[in-house]
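Participant: According to TrEMBL, the record shows the following:
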DOMAIN    B:74-267  domain 'ABC transmembrane type-1'
TRANSMEM  B:12-35  transmembrane segment
TRANSMEM  B:78-102  transmembrane segment
TRANSMEM  B:109-133  transmembrane segment
TRANSMEM  B:139-158  transmembrane segment
TRANSMEM  B:204-225  transmembrane segment
TRANSMEM  B:245-274  transmembrane segment
Amino acid sequence: MNGYLWFVGKRALQLLAVVFFGVSATFFVTHLSPISPVEAALGRMTARSNFAPEAIAAMREALTEMYGVNEPLLSQYVNFWMRLFRGDLGPSLLAFPTPAMDLVMRAMPWTVGLLVLSTIITFIVGNILGGLAGYSQNNKFFKAFGIISMGLQPIPYYIVAFILLIIFGFLWPVLPISGGFAMNVTPGWTWPFISSVLQHAILPSMSLVLVGFGGWFLGMRALVSNVVTEDYVTYAELAGVRRHTIVSGYVMRNALVPQLTALAMTLGGVFSGTVITEQVFNYPGLGSLLIDAVNAGDYSLVLAVSTISVAAVAIAIFVVDLLYPLLDPRVRAE
Amino acid sequence: MFAVLRDLIRYNIEFAIGLVLVGIVVVFASLSFFAPVDPSLIYMTIPDQPPSPQFWFGTNSRGQDMFWQLSAAFRNSLVFGITVAVLSRIISITVGLLSGYVGGWVDRVLMFINDIFVAVPIFPVLVLFYFVLRNNLDSLTLALIMACFGWPFDARLIRSVALGLKHREFTRHATFAGMSTRKILLEEHLPYVMPIVFSTFMNNMLWSIGLEVTLAVLGFTNINNPTIGTVLYWANSHSAMVVGVWWWIVIPVILIVMTFLGLFLLAISMNEYIDPRSRLRRMGA
């Protein structure tokens, strides 16, 4: 047990470091840029209307105070961290008085839901099928499967999502292609709402599953086909251990350890994929929010979304890492 | 070198297919050097013409001949991918070899930095850079930024090989013969990691071109520079699919799938070639 605590402590330290560096990087990238958020906001506000010069000067003053850009960089940086701990990243310009954090929190469940759903499906199904394919290498079905997943895997998320959109939006319109739920249902724990949410999630999660699946399948197949040649597997077969037990308890379990590490390492990439998929299907998650914010020049909202996504991905990786010792007893015993 | 290539083509069907696919795309892309029109100009031909003997890939709603447009786009994207791959290979070789050979606190610090880079989601960061730089974000800047994020996986891979090399006899000989660390790494260890470098080179190109497509499709790069992504961006912004100009989308998508499949097949078959056990299995030994 002591070994486990040591492991958790070490990983927690790493988590803090990742969040610290990631968030600092987003801060400095935005604040060292030559573009002033004040002038950008001012340009946007005064673009379509006629203001007196005094009114513009007053607005500039108010905005400067709001963003705190007249202070030295270091004190801005400290203030940014203090406000971040209070969960306040300033008002969004996209939906003016609403705090940027509120918008992020509203979008968060959609992205998390999509990410968790598709990651679980791809990881579990891909690994089980990959394991079986590695164990029974001459099976025709699995061979065909391997070729298909090999063909799908390298294609970028955007293109797969786009092809799905064309197929199910233009050629055979059976599934909803836009939004998180139908317009005419009220959100709540009712069946029409839940079924509508699920229906709208099919295409976005399908595009994530199609791309992500192949990697797990091919990886697990390669790992298992190596484990199968180990002496202890031959020994177990000779000793008459049931096939099912060998596959699940001896082969898959050992091959799953590196796969779990791989899951932690690819989560950042899957998150990027989710963000892109959301944009294609107009899904109301963090990705669509980020893109809207960039297009609207909304400084606080862009900073909020990037900060939160860096932190959220780091936390997700931490959680996956915590599962690791459950599979590999050596880490516990250390 | 040629014997290796011949063996790969003979025994590895994936390598052969990959080579053919990438070859077609590269030849197509290099045709742009002989393009009769400047691909950045618009309204040079009749818009919205379907594929015909005169316009092989049709023309788009911006009055561009799609054949020359796509040829230039693929050239730019491939050059972009190669730039990112070369730059990030330099970082990953340096970090990987140094970390594996020197060990100790150098290893710990480098791997700590490595783990941080692995955990940062790249897409929001790239969008952030676009948000800050706007139209100053040209291909070279983007390639530099992506190279800074594209090395950690491969550095870890190279490190694991370097760890093994460190305890081999020849390393010890080199040390006793008084070779400097830099010389040992460059002359003794580098040749051993070259196969990994080549296979990850392809993977890195896939990754960077894919991200560039994504950013460009959203309009988050310089949209006047023809790349695979910007072609799709313009097709989307002219609603090509709805208007019925299908060739503006379908032909680029087919070419993209060919490129990615080809590079991926090259990468995995090289990967397999590095692992002698699977190579023997394939040759029927």
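Please read every residue number as a count from 1 along the shown chain.
Here the Cβ of each residue, glycine as well, is placed from N, Cα and C on the backbone.
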Participant: Go through B:12-35, B:78-102, B:109-133, B:139-158, B:245-274 and flag the stretch with the largest number of C-beta pairs under 8 Å relative to the transmembrane segment (B:204-225).
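Facilitator: So the stretch in question is B:78-102.
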Participant: Sequence-remote contacts (6 or more beyond its ends) of the transmembrane segment (B:109-133), Cβ cut-off under 8 Å?
Facilitator: 95, 98-99, 141-142, 145-146, 149, 151-153, 155-156, 159, 211, 214-215, 220-221
Participant: Give residue numbers and ranges for long-range contacts of the transmembrane segment (B:139-158): same chain, 6 or more residues beyond its ends, CB-CB under 8 A.
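Facilitator: Answer is 76, 80, 83-85, 87-89, 91-93, 95-97, 99-100, 110-111, 114-115, 117-118, 120, 122, 125-126, 129, 133, 193, 196-197, 200, 204, 207-208, 211-212, 215, 221-222, 225, 227.
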